């Protein structure tokens, strides 16, 4: 075959190529395209359905088997509403009479799954030891708030995820710690309020139990057993009587 004949054959083959490609494309299954393509013009794979289906509930365990619920109780009023209702247009005058006690602003951080909690105070005074904390949280909480005066120590943690899970399981509303906590990611998954001054990875000692059901003083206030604690993101309010709206 002469060179000219070969060139003519190649030209005819090129002319037939578009119709062949069109026919091949028609035989292929159609694919949907998306406005958010990945790569260079390649349609992305279909997005898988949500894990477990649309109505599944993923339970994250905290501590030893407690089933946490995230968020806070929206039916409970906040500290600002209580102050506005009970202490009138001049609440500073009431604060001066000690009827309303407000803990020092910025003293605590929120670590628990509940950011808003309230209840009657049960108190503990201890220093870098937590046997009484465990003993208290192992009892039925009945919606109470455990107030732990750890002397403001930042050398160890007075509670972690196990005690937070225990508090949630036994019906404690919250724990206010003048000290540190640990396992904070898991503590944040438990349905209990936890306010403390900081996080610390070292556990506390078990040697000296401390004292229970005594007056404790920190963050600018004194808390007595049976006082009412109201806590949320605005702060912590202490009252000698229950506040209602």
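Each Cβ is built from the backbone N, Cα and C atoms, and glycine gets one as well.
In TrEMBL, annotation is done automatically, which means it is predicted and not curated.
From a predicted model like this one, the values you see are computed outputs, not experimental measurements.
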Query - Identity of the substrate-site residue among 144, 182 (reference: 160, 161, 162, 163, source: TrEMBL) - result: 182
Query raised in the report: Which range, 2-28, 29-55, does TrEMBL list as region 'Disordered'?
Result: 29-55
Report task. Would you work out the biggest C-alpha to C-alpha distance among 160, 161, 162, 163, 182, the residues that bind substrate according to the record, and give it in angstrom as a whole number? Result -> 10
Report summary line: Simplified to three states, DSSP reports residue 183 (Mg(2+) binding site) as coil
Query raised in the report: So which one is it: of the binding-site residues 160, 162, 163, 182, which has the fewest other Cβ atoms within 10 Å?
Result: 162
Requested in this report: Specify the count of other C-beta atoms within 10 Å of the C-beta of residue 161 (substrate binding site).
Outcome: 22
